[in-house]
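Taken straight from TrEMBL:
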- 23-288: domain 'NADH:quinone oxidoreductase/Mrp antiporter transmembrane' (DOMAIN)
- 60-81: transmembrane segment (TRANSMEM)
- 93-116: transmembrane segment (TRANSMEM)
- 136-166: transmembrane segment (TRANSMEM)
- 178-196: transmembrane segment (TRANSMEM)
- 202-221: transmembrane segment (TRANSMEM)
- 233-254: transmembrane segment (TRANSMEM)
- 274-294: transmembrane segment (TRANSMEM)
- 290-343: domain 'NADH dehydrogenase subunit 2 C-terminal' (DOMAIN)
- 322-347: transmembrane segment (TRANSMEM)
Amino acid sequence: MNPYVLTVLLSSLGLGTTLTFASSHWVLAWMGLEVNTLAILPLMAQHHHPRAVEATTKYFLTQATAAAMILFASTTNAWLIGEWDINNLSHPLATTMAIAALALKIGLAPVHFWLPEVLQGLDLLTGLILSTWQKLAPFALIVQLAPAIDPVLLTTLGLASALVGGWGGLNQTQLRKILAYSSIAHMGWMVIVLQYAPQLTLLALGTYIFMTSAAFLTLKLSSATKISTLTMAWSKSPIMVTTTALVLLSLGGLPPLTGFMPKWLILQELAKQGLPLTATIMALAALLSLYFYLRLCYAMTLTMYPNTVNSIAPWRTRSTQLALPLALTTTIALGLLPLTPGILLMVS
């Protein structure tokens, strides 16, 4: 892609998200979401592969549907209440429609079906943008709407997403689909605690972005898209495979890695709020997700590809392009747990 075009598109992505962050009026927030969607579409379709074009079309249709629902919800609220302000969305019909539309935007269950299919058709770097940056603007609106939303609805969305994200990834062999289901499960963790402690939602979102970035950048560096491709990684780059396995375990929420911190704090908050059953179901759903992360770790570190290689390390030209972002995100994804008290002070 032409670097000037790429610069314009990435700037538009930043502009759209910033516009939604800064807006207090529904129409301005909607415009930010639209700019965001339109900026990523050329990035998704840049390879002119039929699968990429199909993924782009699916993404456009779902995002357009969600945007129309948001506009309809805000117009309904303005008609019934007389307010366009985001914080004054108080009519039950309008709030329910808005949260349904925003759930569709970020891929919460039960409106998650588009996300694995779209992510499977994309390049890994575009998939990274879709899994991280594209979640920020809708999530900002969900956080602002949280006080007006029925708590039962948010809890249902959170539990459904955690369970679907766990079950859906069990049978997958494609890495991008596994990461899509991982994204759905993490979104469930963020949504379920939103009504009780929004700062924990933002903490979980931040750690999710760093861990997912580390996973995507590693896969991009090793050009892996299937589990079977991962089996060849150990002989090429043992150190990278070791750190990747740890990043995957961090995504699964194992101590003493960064991913344990948000899950631990969210379960603690749910127990404090008198919801032991919800906390138990979320912990069991995390075990489902942990299974497929362990499956990836097993494929990477404990299996070898069934072929005979005469040389110990095959000749290859090394790309240093992604090394710095990968090192940075991996370090954050692995080592933040000891800093939990300080991070809690910062976010509370």
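Heads up, the Cβ atoms here are built off N, Cα and C, so glycines get one too.
The structure displayed is predicted, hence computed values, not measured ones.
Confidence annotation: the domain 'NADH dehydrogenase subunit 2 C-terminal' (290-343) carries a mean pLDDT of 77 in the model. Within the same chain, the transmembrane segment (202-221) packs against the transmembrane segment (322-347): three or more Cβ pairs sit under 8 Å, each pair at least 6 residues apart.
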